[in-house]
Amino acid sequence: MRLGAAWALLLAAALGLGTRGVRAAVALADFYPFGTKRGDTVTPKQDDGGSGLQPLSVPFPFFGAEHSGLYVNNNGIISFLKEVSQFTPVAFPIAKDRCVVAAFWADVDNRRAGDVYYREATDPAMLNRATEDIRRYFPELPDFSATWVFVATWYRVTFFGGSSSSPVNTFQTVLITDGRFSFTIFNYESILWTTGTHASSGGDTDGLGGIAAQAGFNAGDGHRYFNIPGSRTADMAEVETTTNVGVPGRWAFRIDDAQVRVGGCGHTTSVCLVLRPCLNGGKCIDDCVTGNPSYTCSCLAGFTGRRCHLDVNECASHPCQNGGTCTHGVNSFSCQCPAGFKGPTCESAQSPCDNKVCQNGGQCQAESSSAVCVCQAGYTGATCETDVDECSSDPCQNGGSCVDLVGNYSCICVEPFEGPQCETGSYLVPSPCLSNPCQNGGTCVDADEGYVCECPEGFMGLDCRERILNDCDCRNGGRCLGANTTLCQCPPGFFGLLCEFEVTATPCNMNTQCPDGGYCMEYGGSYLCVCHTDHNISHSLPSPCDSDPCFNGGSCDAHEDSYTCECPRGFHGRHCEKARPHLCSSGPCRNGGTCKEMGDEYRCTCPYRFTGRHCEIGKPDSCASGPCHNGGTCFHYIGKYKCDCPPGFSGRHCEIAPSPCFRSPCMNGGTCEDLGTDFSCYCQPGYTGHRCQAEVDCGHPEEVEHATMRFNGTHVGSVALYTCEPGFSLSALSHIRVCQPQGVWSQPPQCIEVDECRSQPCLHGGSCQDLIADYQCLCSPGYEGVHCELETDECQAQPCRNGGSCRDLPRAFICQCPEGFVGIHCETEVDACASSPCQHGGRCEDGGGAYLCVCPEGFFGYNCETVSDPCFSSPCGSRGYCLASNGSHSCTCKVGYTGKDCTKELLPPTALRVERVEESGVSISWSPPEGTTARQVLDGYAVTYASSDGSSRRTDFVDRSRSSHQLRALAAGRAYNISVFSVKRNTNNKNDISRPAALLTRTRPRPIEDFEVTNISANAISVQWALHRIQHATVSRVRVSILYPEASAVQSTEVDRSVDRLTFGDLLPGRRYTVRLTTLSGPGGAEYPTESLASAPLNVWTRPLPPANLTASRVTATSAHMIWDTPAPGISLEAYVINVTTSQSTKSRYIPNGKLVSYTVRDLMPGRRYQLSVTAVQSTEQGQLHSEPAHLYIITSPRDGTDRRWHHGGHHSRMLRNRPAPVRLPELRLLNDHSAPETPTQSSRFSELVDGRGRVSARFGGLPSRAVTVRSQPTTPVPLKNTEAPEQVHLALQLPKNSSKDTESTPGSCSEDACQNGGTCVPGADAHSCDCRPGFKGRHCELACEKVPRPCTRLFSETKSFPVWEGDICHHVYKKVYKVHQDVCFKERCQSTSLRKPKQETK
């Protein structure tokens, strides 16, 4: 009893709409903060305006799609994709991408009153409030945390047609998201009007009535939407009293999913579940006001009322225009339009095209009160019914036959022609290369006027007959790389300057065994074994890591005077001596949790259904009830569950079935339309079937009576051609049928029997009888013949007398009497001269019924009617030449005249000029003759052009509509005479021409080839180039230009074509210059010389100046101190390179100090002769530039303290005191430097290059190069890998073997003939040496040397250690590795002066 009473009370409360006692509307204090003081932006005060596109910092999900921008529209909505300025709300759903969030879609006019504010917010206070609201209204998302909020507020806005005193509304839209879920909150403070006063809205002066405001959401696809109850009805005035979250005037929705989800409060009794009060598909929403259970219905489009029980009268807004009658339907209406109008709302006036059917794709176009068909290409006629014959213009060239198609044509070409108009191809002409003109293996290439021979190496000339002398000295198959110097590229298996040495067995490939597995290294003709670091190491530079200071497996990293330890996991401290405790060793994580240490703490990663610091708290399994339908897979998600739906299904529990179009059932590009439980496919042209799976097949085209048929297929676009039998003709102009996309052939033609009587062949009243391909004439009485052309001949009786001729007539005759006789039978004679029969002044003499004409000179004939000489009267005048022919004449007009009698003047074109000149073409233009009459006389222009030597004369005809022409296929650099004539074409092919407009011009010559820099010094740059004998035949001169620094001046020089190189002198050192070359043709100004396009510019830097006044201020037994002048002001140097050279090796050091003015060379040997060189280095954007080296020659003091001398590049010596030398380190020798041993050896070499980044390229003898990355002092042997291709010039470093000669001090003595060619013998500690005269080198000065330029590699040294075995002890050998810089150097070519066995050597 009590239960029934409770439900009765609930029902009464629900149906009674009771909200008394509940505070209506949301107070402004409860709105999300807004206004300019909060940082809001205000939309312009504009009717139907808005904010414009506002980019979003966070993508906002809406109806399953993410949006990166939105529009705040004044009319109460936020829209995506496009701005919506429509003021009268259209009933949802609507399409055309109108994605809208509508708090109050109505005709707002903020010009009269109110403002519209908006802003994007991410401040913590706003995010915290949004998070709390969503968790309250959607309790199923307790972990939601807002990351972005957008607030739009319409504050005290009025309606269109209102005033500043009209009612105003205040409402707000709040968008909230965390990047995945998105929500909307609507706040309504006061709603006093619902409608604008525009005619389409129908509101009154108080803003009520008509089509009221609409609130809700629209996806923009025409299907998905949601309306707040009362939308577009008068109930919208009470929207601030309704709610779905227990707060009157507030609504909350989740809008990220495919459908809108309504918020709730979860603490009231559900009226919707018990009563289900909403009808006609309306959605019931619990108001859930505490203590006052109620509901509202969200109605489908077309229904309204508290319970959606009222059908909306769509005719109430009078949608039918122009007097149309509205008929109401369910969620629809229809308009019956008056005469002259059409359309869903009678909005369109009828067009004359409505009843006009244009065929073959023609488009109807209304003109005034009539309709005209605009036809597709290929059709004509009033309704585009006639196919245009595109073959009528004979487009096929060179004998091709034309086939007419619809809107097109096809040419069937005759071999060997091809192309759309058979325009491509030519009849085969014998190749000039058939006679094999090229000798000595040359390759023949066809040219425009003959042939060109491409000669092999060693031959030249037109036919490759001339042999090129070869100065290459490379041996064993080596190839010369330099033009004027010997630089050889050796084949595999050979090496040496001239490839004269063959790679033989080396010490390291003779099965040499090294202790402890170390690898073998070539060493001074013998070998050394590289050792491991676990053996006793003795070297002169101890490392901070030698004491193994790092414990517990730590790795020691040595620095210059310190070290650091890299500790393994679990240890720390300077020497890795401290152990870290393992926090996870006690197993703190329970229930299968995983422990992870993080600094001095640990963290447990718990398995599913467990939580807590140690995974000690269990949670229930939310998937145990099997909530996912339709095969969905349940997985746990943020403490709850989520369904992973199979393809096509959606919804929280996979309860929403997929669209029939989900799996794209339509084939071949068909478009699928969703029909609810079924689908429909709209197929592409040419396909059919329920799923567009079948290709349209028109089938076999039917036969046409009295016609033969051919067709090329049965699919869309196929063509069938019909040809009528003799005696029949086509009923239509087209004989082609086309297979149409509908699967049917177009209408067939008919072969209608030809009515041969249609031409009325029967004469004289005869009747025609039609036959098949023939006819027969039934003649009237008195006529006969095939066409009744013959009558009975009354003239057979010869009724005419006195020579009269009889003419037969139907049933009669007539006599044609000779002159002098008249009468029916010509029986009466008359005066023959009475009619003055004699012409051209002839005299008539009567002769008894006849007459005789006595003709004047120049005329003859019975009546003097014939001119004996048609040119007698000079009909052509002085403007042409008369030509008599068959009694008539024709005029051949002189230049400048035309017309039958040469009476019209033919004027030439004017203002002939050259527009553009290229290598193979010239563009010219001109102006037509002055005067309209002169332009109408001519038919076109003749452009004649020929080379100045008279060869290759050509003439092109140009239509009179054009005033320019492009001359093509011209020879480069050649002068051409060009003439343009006005032309009038005549039927006898004797065209009339005007006087010519002429000019002389010359084409551009070909640009230069092989432009390169050959030498650079501090004040000079040398360049060279090449001219091809044939391609540059027209080049007369070469212009070389150099642009000075800072573009201050340009110097140009012209040289003859026989010159192929040039040197610019007097240049500034260390500056950048730009060099360009062009070719010139023509001997002088009168010959119109032309210039080629410039070659690519070369940017070249001159070398810096070498150090000036290089002097050795002090020389001891083991060192030498050098000084030089400070560089001139304005010169910025980067570094210096110091080279120390003996007769055995060269050592280099790179000093990165451009301000250096002195340097001390140490570690020299007592009593030795040295060459010291200092090179200045300047940095540019193209790399480093090196000056010429400044040289200094010294002799160190012996150990006994005696004085030695030094030379400054000459023979002026100074005496200096030396000091004792320190203990000597193993020395490095640079094998391929300027002072290599005089006799090359075949011992294998160990060489390496360093590029400054720790990458080392190493080479062992003839083996390929290898690369490896090393530290400054490797402590273990480094494996070689990563093969790199080396440059052509390889540098070799040899480690000399320590022997007793290095430690014993046995002075050498000089014999009488120790030094040759004037060299001076110098005794030494170990052996004597020779001080050679300039131009000689070698141990005994036996080599005569000269310098030639060559590409080279500069080296900057760096000392590194390398562990090797010496007996049973592992030492560190210190060697130098080098930074590499490519440069232009000088190579020495040396020739032995011995007469017994001459040989060359290149340094």
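Numbers here mean position along the shown chain, with the first residue as 1.
From the backbone N, Cα and C atoms, a Cβ is placed for every residue, glycine too.
The local packing around C308 (disulfide bond), expressed as other Cβ atoms within 10 Å of its Cβ over all shown chains, amounts to 22. In this structure, C308 (disulfide bond) belongs to neither helix nor strand by DSSP; it is coil. The disulfide bond annotation in Swiss-Prot covers C299-C308 (among others) and is backed by sequence analysis.
Over all protein chains present, the Cβ of C358 (disulfide bond) has 22 other Cβ atoms lying within 10 Å. For C358-C373 (among others), the entry in Swiss-Prot reads disulfide bond.
C464 (disulfide bond) counts 21 other C-beta atoms within 10 Å of its own C-beta, drawing on all protein chains shown. The disulfide bond annotation in Swiss-Prot covers C455-C464 (among others) and is backed by sequence analysis.
Summarising the annotation, Swiss-Prot assigns disulfide bond to C474-C488 (among others) and lists sequence analysis as the type of evidence. Mapped onto three states, the DSSP output places C488 (disulfide bond) in strand.
The Cβ of C556 (disulfide bond) has 19 neighbouring Cβ atoms from other residues within 10 Å, across all protein chains displayed. DSSP classifies C556 (disulfide bond) as strand under the three-state reduction. Taken from Swiss-Prot, the feature disulfide bond applies to C545-C556 (among others), supported by sequence analysis.
The feature disulfide bond is assigned by Swiss-Prot to C550-C565 (among others). A coil conformation is recorded for C550 (disulfide bond) in the three-state DSSP classification, outside any helix or strand.
Per Swiss-Prot, disulfide bond is recorded for C589-C604 (among others), and the stated evidence type is sequence analysis. Counting every protein chain shown, the Cβ of C589 (disulfide bond) has 23 other Cβ atoms within 10 Å. Secondary structure at C589 (disulfide bond), taken from DSSP and collapsed to helix, strand or coil, is coil.
C681 (disulfide bond) counts 21 other C-beta atoms within 10 Å of its own C-beta, drawing on all protein chains shown. The disulfide bond annotation in Swiss-Prot covers C666-C681 (among others) and is backed by sequence analysis.
Classification of C777 (disulfide bond) by DSSP places it within a strand. Residue density at C777 (disulfide bond): 21 other Cβ atoms are found within 10 A of its Cβ, drawing on all protein chains shown. Under the heading disulfide bond, Swiss-Prot lists C762-C777 (among others).
The disulfide bond annotation in Swiss-Prot covers C817-C826 (among others) and is backed by sequence analysis. Remark: C817 (disulfide bond) has C800, N802, G804, G823, C826 as non-local neighbours, by Cβ distance under 8 Å and separation of at least 6 in sequence. Secondary structure at C817 (disulfide bond), as computed by DSSP, is coil.
Annotation source Swiss-Prot lists disulfide bond at C833-C844 (among others), citing sequence analysis. Sequence-distant neighbours of C833 (disulfide bond) (same chain, 6+ residues apart, CB-CB distance under 8 A): C844, E845, D846, Y851.
In this structure, C876 (disulfide bond) belongs to neither helix nor strand by DSSP; it is coil. Spatially close to C876 (disulfide bond) yet at least six residues away along the chain are C882, H889, C891, T892, C893, D901, C902, judged by Cβ distances under 8 angstroms. What Swiss-Prot records for C876-C891 (among others) is disulfide bond, and it gives sequence analysis as the kind of evidence.
If you look up Swiss-Prot, you'll see 268-309 marked as domain 'EGF-like 1', on the strength of sequence analysis.
When Cβ-Cβ distances below 8 Å are used as the criterion, the domain 'EGF-like 3' (349-385) is approached by residues 340-342, 405-408 of the same chain, each at least six residues removed from its ends. Marked as domain 'EGF-like 3' by Swiss-Prot on the basis of sequence analysis: 349-385.
Look at Swiss-Prot and you will find 429-465 tagged as domain 'EGF-like 5', backed by sequence analysis. Long-range Cβ contacts of the domain 'EGF-like 5' (429-465) within its own chain (Cβ-Cβ under 8 Å, at least 6 residues beyond either end) map to 969, 1030.
Taken from Swiss-Prot, the feature domain 'EGF-like 7' applies to 541-577, supported by sequence analysis.
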Distance check, please: Cα of C550 (disulfide bond) against Cα of C556 (disulfide bond), rounded to an integer number of angstrom. 6
Cα of N1015 (N-linked glycosylation site) to Cα of C488 (disulfide bond): how many Å, rounded? 20
Secondary structure at C545 (disulfide bond), reduced by DSSP to three states: helix
Cα of N1139 (N-linked glycosylation site) to Cα of C565 (disulfide bond), in Å and rounded, measures 39
If one takes Cβ-Cβ under 8 Å and requires six or more residues beyond its ends, the residues near the domain 'EGF-like 14' (867-903) are 840, 858-860, 937, 984, 988, 990, 992-995
Checking the recorded positions C464, C565, N712 against C556 (disulfide bond) with a 10 Å Cα-Cα cut-off, in sequence order, leaves C565
Three-state secondary structure, C299 (disulfide bond) (per DSSP): coil
For the disulfide-bonded residues C299, C373, C604, C666, C891, which one has its C-beta crowded by the most other C-beta atoms within 10 angstroms? C299
Please report, as numbers and ranges, the same-chain residues at least 6 past the borders of the domain 'EGF-like 10' (657-693) whose CB is under 8 Å from any CB of it. 630, 647-650, 715-717, 741, 743
Spacing of the two Cα atoms, C308 (disulfide bond) and C777 (disulfide bond), in whole angstrom, works out to 90
Once the chains shown are all counted, how many other Cβ atoms turn up within 10 Å of the Cβ of N712 (N-linked glycosylation site)? 11
Considering only the recorded positions N408, C455, C488, C762, N1109, which residue has the minimal Cα-Cα separation from C681 (disulfide bond)? N408
Residue among recorded positions C464, N712, C762, C777 with Cα closest to the Cα of C299 (disulfide bond): N712
Per DSSP (helix/strand/coil reduction), C565 (disulfide bond) sits in strand
